[in-house]
Amino acid sequence: MEGFLRFLVAKAILLALASSFVSCYDPSPLQDFCVAVDDASGVFVNGKFCKDPKYVKAEDFFTSGLNIAGNTINRVGSNVTNVNVDKIPGLNTLGVSLVRIDFAPGGQNPPHTHPRATEILVVVEGTLLVGFVTSNQDNNRLFSKVLYPGDVFVFPIGMIHFQVNVGRTNAVAFAGLGSQNPGTITIADAVFGSKPSIMPEILAKAFQLDVNVVKYLEARFSSNYDRHY
Ligand code: MN
């Protein structure tokens with residue numbers, strides 16, 4: 001009888017361990033959503049299909065052109081060059097990516113958030129004022145700093161953050177992100193430029209603005225506004 005009890009306890013421990021392993025292996029989403037299908041037409045598994053390893057070559061892990069400045073002639077005066085899994089297929093499932101950000105004097109990378117990645121940024125040229133805002137539970141505190149060449153700053157996953165060129169010259173920064181496909185939600189684009197538009201009365205109350213101001217913003221952001229990443 002004692003042996004049987006011991007067997008039951010051991011079985012319970014194994015079951016508990018097994019279920020914790022299952023939750024450990026539940027992958028973070030690598031796309032904005034993944035609508036389940038129960039037939040063979042489902043195509044996206046963990047971001048992308050995998051290439052047969054015997055056909056993999058060095059070029060699958062390579063890209064170039066990060067020495068070239070992006071075009072900052074746009075409404076916000078900045079440009080983001082993405083190096084993610086769409087540029088380097090070999091990044092699939094590896095959990096990292098890279099960006100180059102160019103800023104005209106006075107230009108900014110407007111408030112945005114990456115739903116799937118922490119960002120670590122290094123300034124290589126110019127002067128940037130950067131910052132992020134913590135969650136509601138943390139009272140929406142702003143952590144902000146002026147950065148010079150060689151300075152590094154971290155934007156934790158999910159936090160709304162921004163960078164502004166406060167110098168007299170162009171500025172350049174590179175940033176690593178903890179996802180092969182970090183995603184970007186630019187706050188103004190998402191809120192005022194959604195398609196279709198969110199009802200102006202809703203945003204007027206949410207942002208405590210006159211409804212005509214909201215209509216103006218929605219017209220501006222839903223027109224051929226140069227989208228930002
Ligand atoms: Mn960012």
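Yeah, the Cβs are placed from backbone N, Cα and C, and that goes for glycine too.
Listed in Swiss-Prot for this protein:
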- His112, His114, Glu119, His161: Mn(2+) binding site (BINDING)
- Cys34-Cys50: disulfide bond (DISULFID)
- 64-215: domain 'Cupin type-1' (DOMAIN)
- Asn79: N-linked glycosylation site (CARBOHYD)
- 1-24: signal peptide (SIGNAL)
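Overlay of Swiss-Prot annotations on the structure.
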residue	record	Cβ within 10 Å
Cys50	disulfide bond	12
Asn79	N-linked glycosylation site	21
His112	Mn(2+) binding site	21
His114	Mn(2+) binding site	23
Glu119	Mn(2+) binding site	22
His161	Mn(2+) binding site	23
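In the vicinity of ligand 1, defined as a Cβ distance under 6 Å, the following of the recorded positions Cys50, Asn79, Glu119 are placed: Glu119.
The Mn(2+) site is set by His112, His114, Glu119, His161; from the centre of their CB atoms, other residues of the chain with a CB within 8 Å are Thr113, Ala117, Phe132, Phe155, Met159, Ile160, Leu177, Pro182, Thr184. The two recorded residues Cys50 (disulfide bond) and Asn79 (N-linked glycosylation site) have their Cα atoms spaced 31 Å from each other. Cα to Cα, Glu119 (Mn(2+) binding site) and Asn79 (N-linked glycosylation site) are separated by 17 Å. Distance from the CA of Asn79 (N-linked glycosylation site) to the CA of His114 (Mn(2+) binding site) is 16 Å. The distance from the Cα of Asn79 (N-linked glycosylation site) to the Cα of His112 (Mn(2+) binding site) comes to 14 Å. Reduced to three states, the DSSP call for His114 (Mn(2+) binding site) is coil. According to DSSP, Cys50 (disulfide bond) sits in a coil region rather than a helix or strand.
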